[in-house]
């Protein structure tokens, strides 16, 4: 369940951002509608780049190590977003890179969580991946609804949801999965 928790939580954080992004970029930061898709789309590029990074890192690291790295970076990015918001320093130049760090880690988290999950449940791989996918998108949808419920003209609903998701992902992997052996850490 820890691997499913990691993927579901990272998607919950992603969907919190996706739900809030029109408000964030168009209203809060006053970007023009023609610039919004470019700034938003950079996140897709970062996810693709982190997938490539994952392939490179897997030459010397285990999937579990990359998974934990991705989750740790997401937590740092979410804490940075909360801190920037709390200190009233949440400018476009601070928020965009932090969101990119958060969303980009999906390229490290998802493939390594799936690989690790299938190591344990290869005999029922179709069921395991279907369960993961269903829970992943359900948690993403719930996070989007949560952010949408708070019609607050501020960043707090998004950043707190992203922080909560990052915390759940990190805790889930550490509590619900085996600790990597010393030679894997």
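Any Cβ shown, glycine's included, is placed from N, Cα and C.
Marked as transmembrane segment by TrEMBL: 36-55 (among others).
Long-range contacts of the transmembrane segment (67-86) within the same chain: residues 3, 6, 10, 13, 50, 57, 61, 94-95, 98-99, 101-102, 105-109, 112-113, 116, 154-156, 158-160, 162-163, 165-167, 169-170, 173, 180, each at least 6 residues beyond the stretch ends and with a Cβ under 8 Å from a Cβ of the stretch. The transmembrane segment annotation in TrEMBL covers 67-86 (among others).
The transmembrane segment feature in TrEMBL is assigned to 92-114 (among others).
Taken from TrEMBL, the feature transmembrane segment applies to 126-149 (among others).
Proximity of distant same-chain residues to the transmembrane segment (155-176), defined by a Cβ-Cβ separation under 8 Å and at least 6 residues beyond the stretch ends, is recorded for 1-3, 5-6, 8-10, 12-13, 16-17, 19-20, 24, 28, 67-68, 71-72, 74-75, 77-79, 81-82, 85, 90, 95, 102, 109, 139, 143, 146-147, 149. Residues or ranges marked as transmembrane segment in TrEMBL: 155-176 (among others).
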